[in-house]
Amino acid sequence: MIAEVITDVSAHPVDRPFDYIVPERMEAVIERGARVKVPFGNRKVLGFVTAFKDTSDVPVNKLRPVDELLDLEPVLSTEMLELADWMRETTLCFEIDALQVMLPSALRAKYEKVIHIIRAEQLGEEVARFVGSRKTVAVKEFPEPMLPALKRLAKEGAVSIETAIRQRTAVKKERVLVIAGPEQLDHVHALVKKGARRQAELLEWLQSHAGETIPSRDVMEMTGTTRATVRALIEKGAAAEEQVEVYRKPEVGLLPEAAGDPVVLTGEQADAVGRISASADEGREETFLLHGITGSGKTEVYMQVIRRVLEQGKEAIVLVPEISLTPQITSRFKKRFGPLVAVMHSGLSAGEKYDEWRKIQRGEVKVVVGARSAVFAPFRNIGVIILDEEHESSYKQEDSPRYHARDVAIRRAKMHGCPVILGSATPSLESFARAHKGVYTLLSLTERAKQQPLPEVRIVDMREELKNGNRSMFSVELAEAIRDRLEKGEQTVLFLNRRGYSSFVLCRDCGTAVQCPNCDISLTYHRATERLQCHYCGHEEQVPLTCPECGSEHIRFFGTGTQKVQEELHRLLPEARVLRMDVDTTRQKGSHEKLLRQFGEGEADILLGTQMIAKGLDFPNITLVGVLSADTMLRLSDFRAAEKTFQLLTQVSGRAGRHEKEGEVYIQTYAPEHYAVELAKDQAFEPFYGIEMANRKRFSYPPFYYITLIRFSHEDLMTVSDRAQKAVAWLTDKLGPDSLIIGPTASEVARVNNRYRYQCLIKYKKEPKLAGVLTDLVQIYRNTWMKEGLLMSIDMNPSSIS
DNA sequence: AGCACGCCGACT
DNA sequence: GTCGGCGTGCTC
């Protein structure tokens with residue numbers, strides 16, 4: 001038997017299956033989707049078995065046997081193997097990357113070079129002393145100066161250097177005591193010596209738990225005894241100690257008032273649940289776009305559909321944008337479905353993620369709530385896949401494999417015969433257009449679940465404020481409104497769109513900001529470290545005392561970070577209690593939940609934050625939302641700038657007045673007449689959709705055209721510009737006349753990490769040749785440009801082109 | 001001669 | 001990606 005194996009080597013020339021002989025002893029147990037250890041060149045690597053066959057085209061003398069079978073139970077199903085093929089084709093990634101992304105990182109291999117001692121007497125004094133009596137030693141343990149000696153020893157055959165494969169995180173084991181039966185314990189009683197008070201105490205406790213199995217640690221804790229005592233009784237036969245597999249228990253901070261029980265549905269909600277359930281019952285692969293204004297109760301619809309699916313013995317996947325950012329929604333699922341829910345998010349450790357994954361794999365849970373990668377949850381009988389906030393750009397992975405969770409969800413639904421729900425108050429233009437065309441089924445929720453009116457939204461023209469001499473971050477109106485809430489004991493949420501607005505250091509004399517030495521971008525000032533940082537390459541430096549350009553001492557901080565707003569807020573309203581939520585205050589594990597809980601329990605009057613507070617926040621006492629700078633995003637040179645601004649403003653406004661008290665929203669902007677700002681005021685999605693669609697059509701952008709972005713980078717400006725030019729010329733020649741090729745142009749940030757960046761954009765409606773042409777372009781790249789140090793990457797469906 | 005370094009091709 | 005093989009050029 002021959003196995004086809006995809007090896008754990010992410011590189012072009014080996015992006016294909018390699019044939020291996022399956023040793024007889026493995027033949028009965030090896031399966032597709034299992035991991036194996038195989039010899040590859042002069043080392044051992046991990047690989048995935050993707051197929052079997054009887055004969056190979058490879059010359060027999062080149063074939064080598066599989067070294068070791070790592071999984072008796074395959075880690076990837078045939079569905080997943082097929083899905084990986086599809087991902088390779090649609091995103092142009094390596095097969096191995098597609099396979100790896102579906103598994104928890106704990107299952108990935110870690111390679112370590114070790115030396116095996118063959119003839120200890122030959123080692124020489126120094127090495128021998130270091131090695132001691134060990135048979136194998138990791139190479140990295142040796143001090144640098146000893147390495148040449150090791151090399152020589154390897155050549156002489158006194159030692160061998162090999163790569164060991166280690167699994168990153170193992171199954172967690174715990175010691176348990178299997179306590180003997182009562183008669184046996186009585187028997188032990190006689191053996192305990194008179195003076196052994198501790199043992200007698202412990203034995204008495206054990207007698208009251210005869211026959212049970214209890215974790216050793218718990219036993220010691222409850223009886224106040226130590227290992228020595230326990231061991232003494234084990235020797236006398238009072239109990240046996242065993243190792244059992246356990247799951248790690250991630251800390252789940254359940255938020256207090258997240259409702260657990262199903263609620264009575266509005267007519268619209270009930271209709272949505274009915275239609276989706278019908279589709280699920282019939283096993284139809286239908287995609288629904290659930291368009292519901294903020295506060296219309298989309299989550300309740302999801303949960304009732306899931307309940308129906310569970311009743312049929314099927315499973316459900318719920319995707320939310322970066323889950324640690326929305327503890328409220330996970331709390332609701334945990335409360336509703338209890339132990340049937342697994343949660344997968346970036347806040348979990350590798351071991352915790354692995355444990356959650358195993359629960360899914362073994363069928364111990366039926367619902368998974370997670371971020372993007374949870375779309376690969378290893379369920380076998382999926383009944384529904386849900387993407388909440390489907391317009392969120394975090395569903396697109398920005399590095400290889402550049403997949404979109406929405407596409408994967410729809411693909412998996414096809415294979416399982418089940419519906420997909422795309423939920424949003426502000427759907428992506430792509431999805432809404434598809435719903436209009438009838439590709440997706442549109443379901444609308446137009447009323448708020450608790451019948452509250454939409455909040456009153458006021459747009460504040462900051463140019464007027466400036467004219468009137470108000471140079472602060474707060475307009476007179478907004479400041480007044482905050483003060484008003486403070487007096488009433490109600491809560492305020494202030495939102496700062498930080499992008500392009502962080503603090504930087506500017507010279508007042510020559511007007512330049514301090515730049516990163518490696519990238520064409522200004523450095524950002526970080527209060528916590530009191531240093532300047534580059535967000536692209538990570539470069540860090542001291543804040544200069546004089547301008548590096550002109551030597552002037554007149555340099556000062558400019559721009560607005562959350563810290564600065566907090567200071568200004570304190571000056572304005574010294575009595576207000578402010579909670580700040582941004583990357584700096586939420587870096588610690590669980591701090592996000594903690595801050596939200598504090599705010600929910602009324603420990604602060606004002607919550608000040610960035611993007612991360614725009615979603616999911618749902619507290620009854622919030623009656624005021626302020627957006628400090630609505631239009632910073634509009635300045636981005638990206639075709640989605642207006643869409644993103646509209647979505648963000650609508651989401652943020654939706655945080656106010658979700659319960660009994662009415663809400664009010666202030667949007668401060670320098671572009672009050674922009675349609676994205678004006679229409680967000682009334683959550684007027686359809687009018688916005690109309691205008692934006694017209695613009696997209698005029699400029700040939702999605703959803704009218706598909707786009708593919710090709711990026712190039714090189715240390716030398718001339719080289720990158722020339723190769724990009726050559727690539728574009730080649731594409732123009734090969735692609736059909738209806739495809740538009742834009743560029744090459746220098747990227748928005750033209751240099752990152754001392755590499756110059758160019759890009760070009762292909763726009764097309766139908767281009768059957770595209771896949772083939774791009775594959776050929778990659779061939780050219782591999783054979784020529786890659787060797788000169790050029791990097792080229794292709795994004796088949798970029799969410800942003802800036 | 002002895003080796004450091006960079007380039008190239010192979011990996012079943 | 002990572003290795004060994006091979007050529008070049010430098011030093012003792």
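Positions of Cβ are set from backbone N, Cα and C atoms, glycine also.
According to TrEMBL, the features are:
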BINDING   A:CYS507, A:CYS510, A:CYS547, A:CYS550  Zn(2+) 1 binding site
BINDING   A:CYS516, A:CYS519, A:CYS534, A:CYS537  Zn(2+) 2 binding site
DOMAIN    A:279-445  domain 'Helicase ATP-binding'
DOMAIN    A:542-710  domain 'Helicase C-terminal'
Next item on the list: Could you please provide the mean pLDDT value for the domain 'Helicase C-terminal' (A:542-710)?
Entry: 85
Next item on the list: Would you pick out, from the binding-site residues A:CYS519, A:CYS537, A:CYS550, the residue whose Cβ has the largest number of other Cβ atoms within 10 Å?
Entry: A:CYS519
Checklist line | By Cα-Cα distance, the member of binding-site residues A:CYS516, A:CYS519, A:CYS537 nearest A:CYS547 (Zn(2+) 1 binding site) | finding: A:CYS516
Note to self: On a simple 10 Å Cβ count over all chains shown, which one of the binding-site residues A:CYS507, A:CYS510, A:CYS516, A:CYS534, A:CYS547 is most densely packed?
What the structure shows: A:CYS516
Check: So which binding-site residues out of A:CYS507, A:CYS510, A:CYS550 end up within 10 angstroms of A:CYS534 (Zn(2+) 2 binding site), measuring C-alpha to C-alpha?
Finding: none
Next item on the list: Given the binding-site residues A:CYS516, A:CYS519, A:CYS537, state which is nearest to A:CYS507 (Zn(2+) 1 binding site) when distance is taken between Cα atoms.
Entry: A:CYS516
Next item on the list: Between the Cα atoms of A:CYS519 (Zn(2+) 2 binding site) and A:CYS550 (Zn(2+) 1 binding site), find the distance and write it as a whole number of Å.
Entry: 20
Next item on the list: List the other residues in this chain whose Cβ sits within 8 Å of the Cβ centroid of the Zn(2+) 1 site residues A:CYS507, A:CYS510, A:CYS547, A:CYS550, in sequence order.
Entry: A:ARG508, A:ASP509, A:GLY511, A:THR512, A:PRO548, A:GLU549, A:GLY551, A:SER552, A:HIS554, A:ILE555
Notebook entry, point to check: Distance between A:CYS537 (Zn(2+) 2 binding site) and A:CYS510 (Zn(2+) 1 binding site) at the Cα atoms, whole Å?
Noted result: 26
Notebook entry, point to check: With a radius of 8 angstroms around the mean position of the C-beta atoms of A:CYS516, A:CYS519, A:CYS534, A:CYS537, what other residues of the same chain does the Zn(2+) 2 site pick up?
Noted result: A:PRO517, A:ASN518, A:ILE521, A:LEU523, A:HIS535, A:TYR536, A:GLY538, A:HIS539, A:VAL752, A:ASN753
Item checked: Inter-residue C-alpha distance, A:CYS550 (Zn(2+) 1 binding site) and A:CYS516 (Zn(2+) 2 binding site) (nearest angstrom) -> 16
Next item on the list: Could you measure between A:CYS510 (Zn(2+) 1 binding site) and A:CYS516 (Zn(2+) 2 binding site) for me? Cα positions, answer in whole angstrom.
Entry: 17
